Amino acid sequence: CPPLC
């Protein structure tokens, strides 16, 4: 899951 998960 860009940019963070």
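Backbone N, Cα and C atoms are what each Cβ position is placed from, and that goes for glycine too.
Over in Swiss-Prot, the protein carries these features:
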type	residues	note
DISULFID	Cys1-Cys5	disulfide bond
LIPID	Cys1	N-(12-oxomyristoyl)cysteine
LIPID	Cys1	N-[(12R)-12-hydroxymyristoyl]cysteine
MOD_RES	Cys5	cysteine methyl ester
For Cys5 (disulfide bond), just give me the three-state DSSP call. coil
Quick one: give me the count of other CB atoms within 10 A of the CB of Cys5 (disulfide bond). 4
Suppose we draw a 10 Å sphere around the Cβ of Cys1 (disulfide bond). How many other Cβ atoms does it contain, all chains included? 4
